[in-house]
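Heads up: the structure comes next, in structure tokens.
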């Protein structure tokens, strides 16, 4: 009910009616009267004749509202509504502090709680960043170390497929190591069989069947072996710097395949990164003068990057995302299948003298175990490092292996850095870094620019002088009044 209806019925106490027949017109209007809750509360607080208006009869309510008892609720409402804003404006600070009583203590407790939360969040981020720095160094060291050690291994043991088979067999250790971590961390400890069955649900309701193995596991095992074999073949042809730089193109291939096959979001910056990767490949080929030896090596490493990209995209399309236990089980199955079904290939290559090595004593087992161990550590860091740090930092460790390999090659005099090769390496690395940008990087950049611009404008407004305070308050009131509408 609006205030104007009450003002039309306002009467003084001297001319208040004494009989119900005198107010029959008003009764007809009061037939549809609905009293507001705020008016009703004010009436209850101000009444001296009745303790509760709800317990009164109909006649008493009517006589009271029409002024029979000399009480004018509309006048009180008018006074209260007129005075409330002034009270709120004038005494907001003093009344608020008096009403809260312990407001300083409450505010200090709230501030301490907020400070504690901020410190906790900052500590978590700092810990994650420190773990990220350690992960970057470990990923870079393991990837660059395995590349350099494999290059040294081929000087004494020229058998890339046998080395691939030997290193892939080490994947069988993934699930046992994961189960040890499960026993140390998880409050609900399960037996190996229970954990194995729970992780097998990743392949479907039926678990790991023969059909699932040959349709969902065996193809990825072949892609895994091809990726590593082609990478090692490339190391036999060209230097480690070119191989590690060209393998970074797999990130661009992943984006192109995801855009075509998985219908991922189109991003212009990633298209530019893919163009940089292709341009780097062409320039790298041109740097060596298009010799057959270097062209074959570049072809091998580009094919290896393509197999790696195909592995990642098909895994996402067929199996989706995997948890840590499921990923560990999957890699263990790949290693076991490699040992069971691929072991005959190195034997055939040995007897056909394609990959011939003398006796078992002539095999440099230390180098082989070093390459396999470093690749195993690299795969652990890449697949399970996201538990302690950001995925972007892990990818950053891969691209940092390029300058590490370049320094080693420069020290051993196995590479000549001309202008074309240097530009090609920089373009490929730049494209890799551009692919690490998040999908909403443009919005984040705009928000950051807006924040920096607002911080620059704040000192200028503070130095504008006392005359600008009135205009500022008016602008603030206008914005506050128009916001709800």
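Cβ coordinates are placed from backbone N, Cα and C, and glycine is handled just like the others.
Because TrEMBL annotations are produced automatically, they should be read as predictions rather than curated entries.
What TrEMBL lists as region 'Disordered' is 1-20, 87-106, 457-485. TrEMBL lists 11-20 with the feature compositional bias 'Basic and acidic residues'. Summarising the annotation, TrEMBL assigns transmembrane segment to 129-150, 162-180, 213-231, 243-262, 269-287, 293-315, 327-351, 363-381, 388-407, 419-437. Residues or ranges marked as domain 'EamA' in TrEMBL: 130-285.
Remote same-chain residues near the transmembrane segment (293-315) are listed as 219-220, 223-224, 226-228, 230-231, 233-234, 236-238, 242-243, 246-251, 253-254, 256-258, 261-262, 281, 284-285 (criterion: CB distance under 8 Å, separation of at least six residues from the stretch ends). Contact between the transmembrane segment (388-407) and the transmembrane segment (213-231) is not supported, since fewer than 3 Cβ pairs fall under 8 Å when only residues 6 or more apart in sequence are counted.
Tertiary proximity for the transmembrane segment (327-351) is limited to same-chain residues at least six positions away from its ends with a CB under 8 Å from its CB atoms, namely 159, 161-162, 165, 168-178, 196, 199-200, 202, 208, 213, 217-218, 220-221, 224-225, 319, 357, 379, 383-384.
Tallying C-beta pairs under 8 angstroms between the transmembrane segment (162-180) and each of 243-262, 269-287, 363-381 places 363-381 first.
Touching of the transmembrane segment (243-262) and the transmembrane segment (363-381) is ruled out by the presence of fewer than three CB pairs under 8 A, sequence neighbours closer than 6 excluded.
Model confidence over the domain 'EamA' (130-285) stands at 89, taken as the mean pLDDT rounded to a whole number.
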